[in-house]
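For reference, the structure is listed below as C-alpha cells.
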Amino acid sequence: MDLTAPLADTIAAIATAVVPEQGSIGIVRLSGSRALAIAQAIFTPARRNAVWESHRLLYGWIHDEKGRRLDEALAVWMQAPRSYTREDVVELHCHGGIMVVQATLQQCLRQGARLAQPGEFSLRAFLNGRIDLTQAESVADLVAARSPQAAQMALAGLQGKLGQSIRALRQELLGLLAEIEARLDFEEDLPPLDVPAWQARLQDIQAQMQALLATAERGQLLRTGVKVAIVGRPNVGKSSLLNAWSGQDRAIVTDLPGTTRDVVESQLVVRGIPVQLLDTAGIRATDDPVERLGVERSQRLAQTADVLVLVIDAQAGWTEADAAIYASIRHRPLILVINKTDLAPADKIRLPPEIAYRVPAVAAQGQGIPELEEALEQLVTQGRPQPNLEVSLNQRQAAALRQAQASLEQVVQAMQAQLPLDFWTIDLRGALHALGQITGEEISEAVLDQIFSRFCIGK
C-alpha cells in the first residue's frame, strides 16, 4: 500500500464482495471532503424537494453525466466525524449485478474521486483516531473469519478490548517510569524508591503480559486453521471418511479401487478450528495415466498438509502398501484411522508402536468421527488445555509483546546488578515503545504498509 497517497483525496471503492454468484445488493463507498458533492452529481433523489441529511437514507436514481439512468438505488451520507473514517462518507446501495456496481464506481471516479487502495478506508480511520491498530487488524480478521469462534474473537478486538489491555499495561509502566524519573530529577526532595514494592508491581505487569501471550497460539489456530489430507492406498474408505466427516456426499464412493482421481476438498469447523479437509487419490503403482497423475498429486499434497490422516482397512490389516505409505510420511503430524472395524477388530492389527493417535472407525456409518476430531484437536494443540478466548494476539502483536517482555527482563537484571536508576529507564522506555507498536501509538510506515496491504479494497 502506498502510504504517500494524498489523504486529502476523496476515495471510492466497491465495499461489497465481487463474486460470480451476484448478491442482491452492491455498495459503492466514498470518503473524503468531496464525497457528498460527488454523490450529489451522480445521484438524484426521487422526491424533488428531498434534502440530504446525515445518516438518513435517500431513495432515487444513479445516472451518468448525461443524465441517463444507470440504476435505482439508495444513498446515505454520514457527515464527519460521525463515520467510519471520521471523514464525510457516502454509500450508494445499488442492485448487486457487477455491471451496475462497476458503472456506479466509474461515475464516482469521473467526478474526481480516486480509486481507494486496499485497506485505505481503515487506514484513514486509524490515522484519524477512529480506531487503534489492534481494532484495524480486527477488521481484517473479522472479514476473514472461518469459524464462529474466530469471528467472536475478532469482534472483541474490534470493540477495543485488546487495545484496552495493552494501554492499561502501558499506563502501569508509565507510572513505574515516572517514579524513577522523579527521583532522578528531585532526589533530595523525595524518599528513596521502595524497591520491593516497585519490583512487585513490575512482576504483576510481567504476569499480565504472559497471560496475553498465552492467547497467541490458539488465536493463530482459530484464524488460519489447518489443512488435513486423507491419504492411504485405494479402497480403504478415504472418500467415505471425507463424506462422513464433512456431512456431505462430496466424494464418489464405490467398491472399485482408484475411483478418486483428483483431490476432493471440503471446509468444516472442528471444535472451533477451521479445517480444510482433502480426500486424495489412493496411493498405488498403476498403469492408468490419469490415475497415476492423481497419485502423484496426492503424494505432493501430503508434503504440504499440516496433518495427515492415514486410513487403513481393518480386514486387510497393516499391509506392505500401508507400510510404504507410512514410511514416506512418518515424520509428519499423523493420525491413523483403522476403518471397517465392523468387519474385523482393530486391536488384532500389529501397528508401528510410535503412532500415538489411532482411531477405530466405520466411515460408511459415520462411526469414529468424534474420536477423530478429538485426536485432531489433541494433535494440533499438543494436548495443552485451550483457553476460552475473548481476545488474542496475532503474530505481529505477540512479537512486539515478547520484545516488551525482554526489555522488562533487562530491567530486572539491572536491579539485580544494582545498576543506577538511569539504566532502568532505558529498558522501561524500550518496553513502552514495544507496547506502542501494538496499538499504533509508535509505529513505522513500513509496518503500517505491511498491515493494511492485506486488507481488501473497500475496507
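Here, residue 1 is simply the first one shown, and the rest follow in order.
Positions of Cβ are set from backbone N, Cα and C atoms, glycine also.
Among the features that Swiss-Prot reports, (6S)-5-formyl-5,6,7,8-tetrahydrofolate binding site is placed at Arg29, Glu91, Arg130, Lys459, with the record citing sequence analysis. For the recorded site, Glu91 ((6S)-5-formyl-5,6,7,8-tetrahydrofolate binding site), the DSSP three-state label reads strand.
The annotation domain 'TrmE-type G' is assigned in Swiss-Prot to 225-381.
Among the features that Swiss-Prot reports, K(+) binding site is placed at Asn235, Thr254, Leu256, Thr259, with the record citing sequence analysis. Under DSSP, Asn235 (K(+) binding site) is assigned to coil, being neither helix nor strand in the three-state scheme. For Asn235 (K(+) binding site), the Cβ neighbour count at a 10 Å cut-off comes to 19, with all displayed protein chains included.
Residues annotated as GTP binding site in Swiss-Prot: 235-240, 254-260, 279-282.
Annotated Mg(2+) binding site per Swiss-Prot: Ser239, Thr260, in sequence order.
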Rounded inter-Cα distance in Å - Arg29 ((6S)-5-formyl-5,6,7,8-tetrahydrofolate binding site), Lys238 (GTP binding site): 47
Neighbour-count leader, CB within 10 A, binding-site residues: Arg29, Arg130, Lys238, Lys459: Lys238
Nearest-integer angstrom distance between the alpha carbons (Cα) of Ser239 (Mg(2+) binding site) and Lys459 ((6S)-5-formyl-5,6,7,8-tetrahydrofolate binding site): 39
Neighbouring C-beta atoms (10 Å sphere around the C-beta of Glu91 ((6S)-5-formyl-5,6,7,8-tetrahydrofolate binding site)): 20
C-alpha spacing of Lys238 (GTP binding site) relative to Lys459 ((6S)-5-formyl-5,6,7,8-tetrahydrofolate binding site), in angstrom: 41
Arithmetic mean of per-residue pLDDT over the domain 'TrmE-type G' (225-381): 81
Mapped DSSP class for Arg29 ((6S)-5-formyl-5,6,7,8-tetrahydrofolate binding site), helix or strand or coil: strand
